[in-house]
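For reference, TrEMBL has these:
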type	residues	note
DISULFID	41-51	disulfide bond
DISULFID	64-73	disulfide bond
């Protein structure tokens with residue numbers, strides 16, 4: 001911070017004008033640098049915002065970017081009603097474009113609008129990329145209704161920032177060995193809420209495909 005109690009004034013003598021700087025002048029110049037050149041915003045105390053020096057030259061204010069709040073812009077603001085998985089990029093153990101069906105907003109339980117992996121490879125998994133780190137407090141999953149409900153009878157959910165082993169090494173949301181009955185929608189709580197860019201659903205079954213109709217992710221319970 002700037003020390004206003006340091007009062008230094010440079011006295012320009014004839015010798016200094018002539019290019020001869022004595023020891024006292026050098027000391028005054030160092031004090032001058034310390035008082036007027038040090039930037040209170042360097043390094044910036046603002047996590048997600050712009051640092052602005054106040055008029056007193058002692059303190060700073062953080063002007064937060066959109067979606068952030070707090071004295072240091074450290075707290076992310078989330079939309080309680082927003083499904084953060086909606087229309088986000090997806091991937092799966094079976095490489096085909098149908099994995100996007102699970103985040104298209106259609107909660108119909110007919111197989112023609114749902115997604116399922118192929119028989120190989122194992123383990124079966126499906127994932128969504130939020131494209132940023134977000135808080136996830138609950139995951140809502142809709143199972144297929146016209147057949148094959150067993151394909152969502154033994155699975156786990158992971159959330160985190162790693163793509164190691166396709167995200168399967170990230171932290172589990174809730175218990176392992178979860179299930180959603182055929183044709184139904186079920187909510188799974190992440191308690192406490194978890195942060196991550198990737199959400200992955202993986203099956204513990206080796207003799208069944210992984211299949212479901214829709215996945216939703218929310219920041220609040």
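Yeah, the Cβs are placed from backbone N, Cα and C, and that goes for glycine too.
Values in this document were obtained by computation on a predicted structure and should not be read as measured data.
Positions of the features from TrEMBL, shown on the structure.
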residue	record	Cβ within 10 Å
41	disulfide bond	14
51	disulfide bond	18
64	disulfide bond	20
73	disulfide bond	21
| Distance, residue 41 (disulfide bond) to residue 73 (disulfide bond) (CA atoms, angstrom) | 14
| note | Rounding to whole Å, the Cα atoms of residue 41 (disulfide bond) and residue 64 (disulfide bond) are apart by 14
